Structure formats: C-alpha cells, structure tokens
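**Q** Copying in the features that TrEMBL gives for the protein in this structure:
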{"type": "BINDING", "residues": "72, 97, 170, 171, 197", "note": "S-adenosyl-L-methionine binding site"}
C-alpha cells in the first residue's frame, strides 16, 4: 500500500537512462490522479477539476488509502496556502513533477493565485495535460480569464500565459530546466514556493540534490515543500528544514473536518492507517531574506 505516485517505497527504482524506467515513472501520475479522483468522489475533499484528467472514478480504493491522500492533500495545501498568504500573492509557485495536478484552478477559485504559477514535468505528461486544457472549457476558461493579452503561447509541450505556465522538461537536466523557466519569465527576485509531492524519490541522490541545490542558489526567499525527507535540504544550501510524519499532520488538521471524513467509510483497523501514515512525511525547507516568517511554528 502506498500514498506515493503509485509505487511502494520498497520497490521504487531511481531514474536510469532507459525509456522503460522513465515510462514507469510517468505512469505514477495516473495512479495518483486515479486515487485522488476516487477520494473526491467519496467527498473526502472537493476538486471539481480532477474529473477532466481522470475519465472515471475507477475501482474502489481502501479507506486507509483515501484517508492517507486526504491527509497528504490537506497538509501540502496548508503549507502552500500559508506561504502565498504571507507573501500576499506577490510570489511565484513552481510545481516540479506536477503531473495532472489541479492546484492552479483551486487557487484561482479561492482568489489565491500567485503572480505566476509554473508546472514542470516530462514532455509526454505535459502534452497530455495541455491537450486536456485545450479541449475542456472548464479548464481553459479560468486560464483565459487570467490572461490579459493576445500572446498566449500554446504548443505541444509548453503553455505560457500571464499567470500560468506549463513546461515540458527533464528535471535531471538542471541547465535546461533553468533556461526554460527563465525564458517564461521566472523571476529569481520574487519569493518562490517549490512543491514536489513525489518526484525526488525517483531520482538518484545526486540528481535530486542538484535540483534542490539549484533552487537554494536561485532564490533568496523561498520554501520547498516535499513529501519525503529533510536531510537533503540542509546539505544543499537551505537555511532551515522541518518535517512531520503524516500521522502527526493528520492529528493537527482541523478535527471537525477529520471527524467528517472518518464518517464517510468504516475503517476496520485504525492501526493499519497509523502505520501507513507514520511511513510518510511532509518536509518543508526555507530561505527567508524577505522575512516572511518561514518556520515550523508559522505553519502547523
């Protein structure tokens, strides 16, 4: 059982140079989207946009998986929204390995859009996402509403508007990633939030450290939310890092909402959920030249 992007921690393999292993990693975004689609169909949380990326609700998922995804989504969103509010939306967000994530649309609906929202993933994943956006008005309309000129760029592997940018790139090639982001107006002077739900674990330690180090060196006021571990951040130039296991996060979420979702499905063995959530953690690392107040006590 896993809350990752579709593979268990025990069997995950780091990136290699083979097309086969890359395809396996790309497939994990479908697994995560399917799990989130099912959980939202059971009313664990609301996401009116995920239906446009997952054709059907699919087969039933175990209650502990649904509760695990609930905790993960709520925990990541809690940190992300807090950063944007601290910056009063005068910031940018980069979702690395974004897959079929719907955060841009949620933030627009909640009037929390940063100055620009970037997504990066494999070109093949990006091509699918852009196709869905082009062909489904509920996805394209909010994007057009946030764009003020006629210069919207839309091709097979990239989308660039005033407030939303999707880039097809390989996260193992840092120089190419940096070049593409700056081409689409990434601003190193803005407070920047980077989100990586389950990406670094599929890379070799040196590849993931290069990505984390690049972020630390590029932005002077930044936060990196990672659904994994904190040690790599402290070794690559970040000033501060905190982590909480997901059982702790679950216990710190608004308990009236936790009580609501616990009534949705009967859970036979709570110990299994506890073991599952203790296996995962949310980590966030910060640099804070602008004194936004990025520390653990400010977020949970």
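Any Cβ shown, glycine's included, is placed from N, Cα and C.
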**Q** When you measure from the Cβ of residue 97 (S-adenosyl-L-methionine binding site), which residues in the chain that are at least 6 apart have a Cβ under 8 Å away?
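**A** Result: 120, 121, 171, 196, 197, 198, 199.
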**Q** Among 72, 97, 170, 171, 197, which the record lists as binding S-adenosyl-L-methionine, how far apart in Å are the two most distant Cα atoms?
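**A** The S-adenosyl-L-methionine-binding residues span at most 25 Å between Cα atoms.
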**Q** Using all protein chains in view, find how many other C-beta atoms are within 10 Å of the C-beta of residue 72 (S-adenosyl-L-methionine binding site).
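**A** A 10 Å sphere around the Cβ of residue 72 (S-adenosyl-L-methionine binding site) contains 25 other Cβ atoms.
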**Q** Looking at Cβ-Cβ distances, which residues of the chain lie under 8 angstroms from residue 170 (S-adenosyl-L-methionine binding site) while being 6 or more apart from it?
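**A** For residue 170 (S-adenosyl-L-methionine binding site), the qualifying residues are 122, 176, 177.
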